[in-house]
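Here's the structure, in structure tokens; my notes come after.
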Amino acid sequence: MVWTSPTIPHLKSNDTLINPLGDSPATVSDISLIAGIYFFGSVAGCLVPAKVLDNYGRKSILALMAALMSVASIVLAFAGSVWLYCICRLILGMGKGTTLMLVPIYTGEVAHKGNRGRFAFFMPTLLAMGLVYSYITGPHFSTRVYTLLCTVPILLALVLILLVVPETPYFLVAQNRPRHEVAEVLGKLRSSDDLVEELKQIEGAVVGKYTSGKSSYRSLFRDRASRKAFMISTAAITFHLLSGVSIIHSFLGPILDKVTAAFLSGNTSAIAISLVKLFSTATGSMAVERCGRKPLFIWSAIFVAMSHYTLGLYFQLQELEYDFVFLLAPLPFICFVLFALVYSFGMGPVPFAYLSEFFPQHTKNVGVPICTAIGALLNAFITLVFPYFMEYLGMQWVFWLFAVSCTCCAIFTKYVIPETKGKTLEEIQRMLEE
């Protein structure tokens with residue numbers, strides 16, 4: 001969910017009836033800190049030690065994070081100062097970082113090879129649902145009520161994790177659980193046709209993990225497959241973030257409010273764009289196993305770049321105050337709709353599919369957290385400096401930089417990243433070793 005976009009107008013308002021900060025409206029620095037510290041928390045959340053994951057499992061850590069996020073969100077609802085906002089946002093960011101790191105590991109270990117691509121779309125689809133929920137409810141409620149409404153899905157997730165979500169078969173095998181218990185979990189996750197063969201593959205992968213040594217940071221660079229997995233995954237996450245997605249999510253309303261003679265308000269446009277994103281993400285899951293990850297990633301990057309180049313041109317013309325700019329007022333909305341449509345097919349979900357697929361079992365518990373932490377650190381930096389860029393350099397340069405990054409993404413994916421469609425995790429490792 002997006003907390004900043006609907007609440008920024010309240011925090012900057014001079015009206016003490018709607019501003020929870022009272023008679024001290026938030027400054028540019030306050031907004032930058034409140035928005036950015038969330039992503040610094042994500043960095044810390046990504047760096048859960050591999051030993052913790054190995055000892056306590058994916059499910060337990062996810063449940064703990066959901067509980068912490070629920071408490072932080074409730075405190076945030078009743079906060080009345082910038083420093084308390086920052087503390088709560090830091091904890092919420094830690095929870096998000098851990099979740100973003102763990103979900104690709106979890107899906108990679110529970111999904112069948114023919115469905116991993118579809119599973120990779122689940123998290124972006126839920127994120128898109130969170131956007132719709134935020135943009136619909138945020139502008140119509142006070143900051144306190146809206147924050148409590150944001151707490152409800154977190155509490156629901158906690159209940160589902162505790163009561164419904166199973167532990168992964170890989171973790172159960174690593175903990176020497178009885179074979180019938182692992183088979184029972186596998187049976188709940190998929191059809192019984194290939195359970196025996198898959199159970200043997202899982203046991204072999206876990207044995208290989210411990211034969212290869214304990215998970216450590218040095219193990220990422222010990223063999224060719226791990227090095228390539230780290231390089232490709234880090235690049236994919238970096239390009240994912242340099243598409244501008246976090247800025248668009250966090251500041252979409254304020255950005256659209258800057259459009260000259262906009263035919264829709266910023267909040268109305270944000271709702272429409274988030275609905276497009278939800279639809280395209282949900283339908284994209286049906287395309288990923290047919291078209292493959294690589295083509296979707298390339299074409300998504302190309303069209304996102306086109307959208308950003310056009311947006312930059314619009315804001316440049318607006319800054320130069322050309323008389324005909326008001327005729328182009330629908331253009332930013334169209335560009336953001338295009339972004340939401342094509343981003344959700346490739347640049348959004350595919351990097352998380354790569355995180356779940358590329359790392360060998362013996363380096364996954366360190367590789368995925370480091371890649372996610374690098375992404376979270378980059379995200380924090382982008383979010384922290386964006387208000388200053390918007391204030392002092394102009395919106396056009398921000399979107400042109402994002403466009404250049406997306407162009408580089410298409411080229412990199414074309415010549416470096418292999419296709420993983422329909423391959424088992426073991427087949428992907430053999431491919432990376434070549």
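Quick reminder: no glycine exception, Cβ is built from N, Cα and C everywhere.
Owing to the predicted nature of the structure, the values given are computational and were not obtained by experimental measurement.
According to TrEMBL, the feature domain 'Major facilitator superfamily (MFS) profile' maps to 1-421.
According to TrEMBL, the feature transmembrane segment maps to 31-50 (among others). With a cut-off of 8 Å between Cβ atoms, the residues of this chain six or more beyond the transmembrane segment (31-50) that come close are 4, 8, 11-12, 61, 65, 82, 85-86, 89-102, 214-216, 246, 250, 365-366, 369-370, 372-373, 375-377, 379-381, 383-388.
Marked as transmembrane segment by TrEMBL: 62-84 (among others).
Annotated transmembrane segment per TrEMBL: 90-107 (among others), in sequence order. Taking Cβ pairs closer than 8 Å, the transmembrane segment (90-107) reaches residues 37-46, 48, 53, 58, 61-62, 65-66, 68-69, 71-73, 76, 116, 119-120, 122-123, 168, 352-353, 355-356, 364-365, 368-369, 372-373, 375-376 in its own chain, all 6 or more past its ends.
Per TrEMBL, transmembrane segment is recorded for 119-138 (among others).
Within its own chain, the transmembrane segment (144-165) is flanked in space by residues 1, 3, 6-7, 20, 59, 62-63, 66-67, 69-70, 73-74, 76-78, 130, 133-134, 137-138, which lie at least six positions past its ends and keep a Cβ under 8 Å from the stretch. Sequence annotations record features per position, and here TrEMBL assigns transmembrane segment to 144-165 (among others).
Annotated transmembrane segment per TrEMBL: 229-252 (among others), in sequence order. Panel annotation: around the transmembrane segment (229-252), residues 2, 4-5, 8, 35, 39, 131, 135, 220-221, 266, 269-270, 273, 297, 301, 304, 308, 336, 339, 343, 347-348, 350-351, 354-355, 358-360, 363, 367-368, 370-372, 374-375, 378-379, 382-383, 386, 390, 398-399, 401-402, 405-406, 408-409, 412, 416-417, 432 of the same chain, lying at least six beyond its termini, place a Cβ under 8 Å from a Cβ of the stretch.
For 258-276 (among others), the entry in TrEMBL reads transmembrane segment.
Using a Cβ-Cβ cut-off under 8 Å and counting only residues 6 or more beyond its ends in the same chain, the transmembrane segment (296-318) has close neighbours at 236, 239, 243-244, 258-260, 284, 287-288, 325, 328, 331-332, 335-336, 338-339, 342-343, 345-348, 350, 394-400, 402-404, 406-407, 409-410, 413-414, 417. For 296-318 (among others), the entry in TrEMBL reads transmembrane segment.
Annotation comment: TrEMBL describes 324-345 (among others) as transmembrane segment.
Summarising the annotation, TrEMBL assigns transmembrane segment to 366-389 (among others).
Outside the transmembrane segment (395-417), and at least 6 residues removed from its termini, the chain residues within Cβ reach (under 8 Å) are 232, 235-236, 239, 242-244, 247, 255, 258, 294, 297-298, 301-302, 304-309, 311-316, 319, 347, 354, 386, 389. Taken from TrEMBL, the feature transmembrane segment applies to 395-417 (among others).
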